[in-house]
Amino acid sequence: MAKLLRYSEEARRSLEAGVDAVANAVKITLGPKGRNVVIEKSWGSPTITNDGVSIAKEIELEDKFANLGAQLVKEVASKTNDVAGDGTTTATVLAQAMIKEGLKMVAAGANPILIKKGIDKATSKVVEEIKKISKKLSSTEDIAHVASISANSEEIGKLIAEAMEKVGEDGVITVEDSKTIDTYVEFTEGMQFDRGYISPYFVTDPEKMEVVYNEPFILITDRKLSNVKPLIPILEKVAQTGRPLVIIAEDVEGEVLTTLVLNKLKGTLNTVAVKAPGFGDRRKAMLQDIAILTGGIVASEEVGINLEDLTLQDLGRADVVRVKKDETIIVGGKGKPEEIKKRVAQIKAQIEQTTSEYEKETLQERMAKLAGGVAVIKVGAATETELKEKKHRIEDALSATRAAVEEGIVPGGGITLLRARKVLEPVLNELTGDEKLGAQIVYNALEAPIRQIALNAGYDGAIIIHNVLSKDDVAYGFDALKGEYCNMYERGIIDPAKVTRSALQNAASIAGMLLTTEVLVVEKPEEKKPAAPEMPEY
């Protein structure tokens with residue numbers, strides 16, 4: 001396949017055209033008065049959105065050289081979205097501002113490598129300042145504010161705050177379609193897994209077809225139970241206490257199942273048998289989770305624990321165990337809190353190391369089940385188009401809120417980046433030559449987001465910036481929705497620090513790469529030959 005090449009200044013101008021195409025489409029959505037973009041779909045109804053990353057992802061340019069620039073900006077948006085769940089538009093606006101000014105300097109003869117060095121030094125200084133400005137979330141109201149801003153809806157903000165309050169920092173919150181037009185939160189307390197009773201004869205509530213036991217013992221094993229003899233000693237010990245027994249095993253069959261059912265029907269021993277969740281290594285890990293949560297042990301051949309030797313101390317305990325046809329819920333496990341914390345920390349470390357998205361999800365789910373529970377936000381809407389858009393907003397807001405809990409919050413509306421510029425003044429005095437130009441690029445770009453927010457709301461950015469900087473208060477800024485100057489924290493206009501930091505770092509990274517680009521190589525499009533020769537004219 002033949003290639004086309006473009007060099008130096010011409011190459012950079014092509015990249016700039018691609019950057020502008022994406023950035024100009026995305027930046028009109030910034031702020032509370034950002035506009036919408038309608039995106040055509042190859043099938044189904046068009047999508048209406050004001051989410052930066054969704055718009056950027058849809059853009060492909062016909063000019064292959066310009067398209068390279070467009071793809072680089074898309075990378076900024078999606079990278080920021082992956083890390084923080086929000087801030088994609090801010091990242092795009094920052095990247096465009098840095099690239100535009102940087103290209104002017106390179107065209108005037110500045111050294112791109114030194115400019116990049118200056119950009120990197122300035123960025124790390126501003127990131128430190130963002131960390132200093134940030135403050136931890138102190139209340140559910142703060143969480144609701146962050147979520148409301150990201151989702152552009154107070155109702156969604158309250159739902160996310162409610163869900164996060166219930167499941168805690170490490171809990172899992174999932175987003176699913178509702179069967180009605182209402183949007184609400186469902187909460188599952190305790191450890192829940194998708195395995196139910198092995199036989200319906202265990203049912204204690206025939207109306208609901210479920211088994212409910214208060215303060216049961218829990219026997220956990222990774223074996224198949226078919227021979228009843230090794231189980232008799234522990235069954236007798238439990239029967240003497242008069243408390244119920246829940247057995248979680250790889251499988252329960254033959255005489256063991258018959259014995260358990262008969263004892264249940266006679267009232268000698270209230271019991272239920274449940275298959276262990278998961279498969280292979282995941283099953284072993286989940287059984288260990290259940291054991292730690294309930295304060296028991298896993299009776300496994302691998303560690304040489306025989307069923308005959310089990311004592312009541314080896315069994316897990318819980319406040320309530322509820323077993324349905326295909327799910328089991330353990331509420332109020334009696335495991336030691338410090339052991340549970342250790343296990344959660346261990347799973348957290350695994351999440352950080354894994355690269356597989358699926359593995360990450362399953363580990364987060366396991367951590368949530370140990371840490372407190374699972375909340376499901378059921379999303380309802382009148383039409384399919386509205387449902388898709390609403391679901392997307394909730395998922396974004398959820399990521400942004402998690403980021404806020406993780407690294408704290410900063411004043412929103414582009415104020416933090418604008419005020420963080422002051423740390424660059426000593427840097428600009430220290431640096432010389434082209435490195436100084438790089439730092440100057442970052443300094444100037446930091447006002448781009450607030451300028452764009454003001455512009456989208458119909459105000460003059462220069463006047464807004466002047467008035468905001470007239471006061472030294474870090475939280476003093478401009479509410480573009482109401483057109484008023486105010487304390488951003490009090491007004492609830494806040495951003496997660498992680499979002500602001502990621503937006504700046506990703507924008508600076510792409511700007512540096514683009515400015516140091518000298519050659520573009522693309523594939524030469526093939527000329528399509530007609531399927532058949534043209535008919536001769538007579």
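Just so you know, the numbers here start at 1 and follow the chain as drawn.
Even glycines carry a Cβ here, placed using N, Cα and C.
Sequence-distant neighbours of D479 (ATP binding site) (same chain, six or more apart, CB under 8 Å from its CB) are G413, Y485, C486, M488, R491, I493, listed in sequence order. Reduced to three states, the DSSP call for D479 (ATP binding site) is strand. Under the heading ATP binding site, Swiss-Prot lists T29, L30, G31, P32, D86, G87, T88, T89, T90, G413, D479, A480, L481, D495, citing sequence analysis as support.
Listed in sequence order, R35, N36, V37, T49, N50, D51, G52, I55, T89, N456 are the same-chain residues at least 6 apart in sequence whose CB falls under 8 Å from the CB of T29 (ATP binding site). Each of the binding-site residues T88, T90, L481 was scored by other CB atoms within 10 A of its CB, and the lowest score goes to L481. For D86 (ATP binding site), the count of additional Cβ atoms within 10 Å of its Cβ stands at 32 [all protein chains shown]. A sphere of 10 angstroms centred on the C-beta of G31 (ATP binding site) encloses 24 other C-beta atoms.
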